[in-house]
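First the structure, in the form of structure tokens, and then the observations on it.
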Amino acid sequence: MKKPFNVIAIIGKPRDQQAIQTHRDLYHWLSSLGYQVFIDDRLSAILNDVPEEHFSGLVELGEKADLAIVVGGDGNMLGAARILSRFNTRVIGVNRGNLGFLTDLNPEDFQHSLEAVLDGAYIEEERFLLEAEIHRHGQVKSHNAALNEAVLHPGQVAHMIEFEVYIDESFAFSLRADGLIVSTPTGSTAYSLSGGGPILSPSLNAISLVPMFPHTLSSRPLVVDGNRRIKLLVSPDNRGTQEVSCDGQVSLPVSPGDEIHIYQSPNRLRLIHPKDYSYYHVLRNKLGWSSKLF
């Protein structure tokens, strides 16, 4: 029987010795099973027992690998997703972080779960990303992608900004607020949730717009069709600097009068899970929801 995966990438920037050991254990275990294994080159100075030719950058890993195993928390997954979504690479996560909504394998027992996945017993789902573009004087000045959210916010803490929101070129509303969170369903359990946004099922083709501390009593989160194009027109009277933050990891500078275009990316993250994965079990477990009554 043909194996579903032949080349496997191990990705992640570890913060502690336990995570480093997980990378090392994964590499030697997968190699012993006959897989061709490559590791994120950010670990080349740490994993000195791995041959130098087995390290590659994220883009090269996306080009080579059938499967990428991301070790760490959701931050590592977000950073990898923006690159790996460009390629036909399936992705699974081993949780070495905190909540771990995206990295769901237990690091103490990853071999048992991964054995079944490597044999083809897994659930696959596609998660869409957002593209964020900063337009100035009719030109795109900068752009990036986000798996969770793109956030317009001031460069200063506790500093309001003014902007208008358009959906498919149709004016929707204006805001005087600390900013706006534009979230995917994947990101609805992240920063958007902290801001009072709704939890969206990950398979839903929708985008949520969540105002951050709006200076009005009537402002509420808004969910729109995922194929809509969001345009934020930043007031030319705003003072100071503003930014668009993609997944809290990449910042795009924004000037007064700029336009911000946010829309669904054509790229998809091919996220896989063990067969017993349940999104609602994850929500219940991570968010501390009540158990069954009977």
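Glycine residues also receive a Cβ, built from the backbone N, Cα and C atoms like all the rest.
Per Swiss-Prot, the features are:
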- Asp74, Gly75, Asn148, Glu149, His159, Arg176, Asp178, Thr189, Ala190, Tyr191, Ser192, Leu193, Ser194, Gln249: NAD(+) binding site (BINDING)
- Asp74: active site, proton acceptor (ACT_SITE)
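Feature map: annotations from Swiss-Prot on the structure.
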residue : record              : contacts (Cβ under 8 Å, 6+ apart)
Asp74   : NAD(+) binding site : Gly97, Asn98, Leu99, Gly100, Phe101, Leu102, Thr103, Ala190
Asn148  : NAD(+) binding site : Leu78, Ser183, Thr184, Thr186, Gly187, Ala190, Tyr191, Ser192, Asp247, Gly248
His159  : NAD(+) binding site : Asp178, Gly240
Ser194  : NAD(+) binding site : none
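Taking every protein chain shown into account, Asp178, Ala190, Ser192 are the binding-site residues, and of these the Cβ with the most other Cβ atoms within 10 Å belongs to Ser192.
Per the record's binding annotation for NAD(+), residues Asp74, Gly75, Asn148, Glu149, His159, Arg176, Asp178, Thr189, Ala190, Tyr191, Ser192, Leu193, Ser194, Gln249 show a top Cα-Cα distance of 31 Å.
Secondary structure from DSSP puts Ala190 (NAD(+) binding site) in coil.
The DSSP secondary structure for Asp74 (NAD(+) binding site) is helix.
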